[in-house]
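According to Swiss-Prot:
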BINDING   13, 47, 67, 77, 78, 167, 200, 218, 219, 228, 229  substrate binding site
ACT_SITE  76  active site, proton donor
ACT_SITE  227  active site, proton acceptor
């Protein structure tokens with residue numbers, strides 16, 4: 001079967017986007033997702049995005065996200081920005097703002113006149129059981145309004161914030177994000193048994209109260225050039241710890257995101273993420289068996 005696709009990226013976090021809205025697509029297996037995402041024998045991507053018709057009232061579209069390891073995940077901020085550019089560029093909507101069904105709910109995406117996309121990422125969740133994170137038997141320590149949890153990582157105790165942005169995140173503050181051994185500690189944190197669904201590991205360097213450098217080792221994808229939900233989780237943790245003030249400029253290897261959150265006043269407030277979305281190319285590929 002021939003499969004039309006669009007290759008896109010948001011701040012270097014790259015995606016294969018498939019249109020299941022205007023055409024019927026067969027259910028994709030994990031092996032097929034891995035083959036399409038393979039950078040040597042397929043198209044190459046951190047994740048695959050599938051555009052579908054919504055199944056809930058009040059949503060314009062539904063989108064599903066698959067990591068390059070073939071597993072389906074809950075949310076992707078950079079993918080959400082690419083999603084709204086895709087549906088507008090392909091004439092699926094003329095709206096500047098669309099409501100999109102994702103695995104954990106409905107989010108609102110808005111295309112700005114300057115081409116950037118603003119995503120209402122929803123409110124962060126800090127309760128360990130809802131992340132989910134097993135904090136049983138651990139003695140946390142308070143910093144600001146946050147609780148930091150000790151996690152043994154390669155023989156060293158790391159103090160982490162746990163945050164859900166619809167997907168689980170473990171955030172730690174480091175002195176130098178560029179020099180930190182992200183690809184050593186990242187896999188150990190991702191698969192720590194206290195995270196039953198595994199976790200995205202964020203390593204944040206605070207540059208000023210409005211600026212950070214961030215690297216994220218993503219669950220099922222490894223280190224990526226940018227992670228939208230990771231940026232939101234890091235900023236939320238930093239504000240809650242009293243280290244940051246909104247808005248925050250987040251520098252990643254792939255580009256810059258702007259995160260705003262009024263959480264110092266109301267932790268139920270949604271995080272707003274602004275950043276670019278870029279189409280790289282379009283093509284046709286034979287769907288692997």
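Every residue, even glycine, has its Cβ placed from backbone N, Cα and C.
Annotated features taken from Swiss-Prot, shown on the structure.
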{"residue": "13", "record": "substrate binding site", "Cβ contacts under 8 Å, 6 or more apart": "46, 47, 76, 78, 79, 224, 225, 226, 227, 228, 254"}
{"residue": "67", "record": "substrate binding site", "Cβ contacts under 8 Å, 6 or more apart": "33, 46, 47, 73, 218, 219, 220, 221"}
{"residue": "200", "record": "substrate binding site", "Cβ contacts under 8 Å, 6 or more apart": "167, 168, 169, 170, 190, 216, 217, 218, 219, 227, 229, 230, 233"}
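Residue environment of the residue listed as 'active site, proton acceptor' contains 34 other Cβ atoms, counted within 10 Å of its Cβ in all protein chains. Counting other Cβ atoms within 10 Å of each Cβ, the lowest count among the binding-site residues 78, 219, 229 belongs to 219. Whole-number maximum of the Cα to Cα distances across the substrate-binding residues 13, 47, 67, 77, 78, 167, 200, 218, 219, 228, 229: 17 angstrom. Taking the mean position of the Cβ atoms of 13, 47, 67, 77, 78, 167, 200, 218, 219, 228, 229 as the substrate site, the remaining same-chain residues with a Cβ inside 8 Å of that point are 46, 65, 73, 75, 76, 79, 216, 221, 224, 227, 230. The DSSP secondary structure for residue 13 (substrate binding site) is strand. All chains included, 31 other C-beta atoms sit within 10 angstroms of the C-beta of residue 76 (active site, proton donor). In the three-state DSSP scheme, residue 227 (active site, proton acceptor) is classed as coil.
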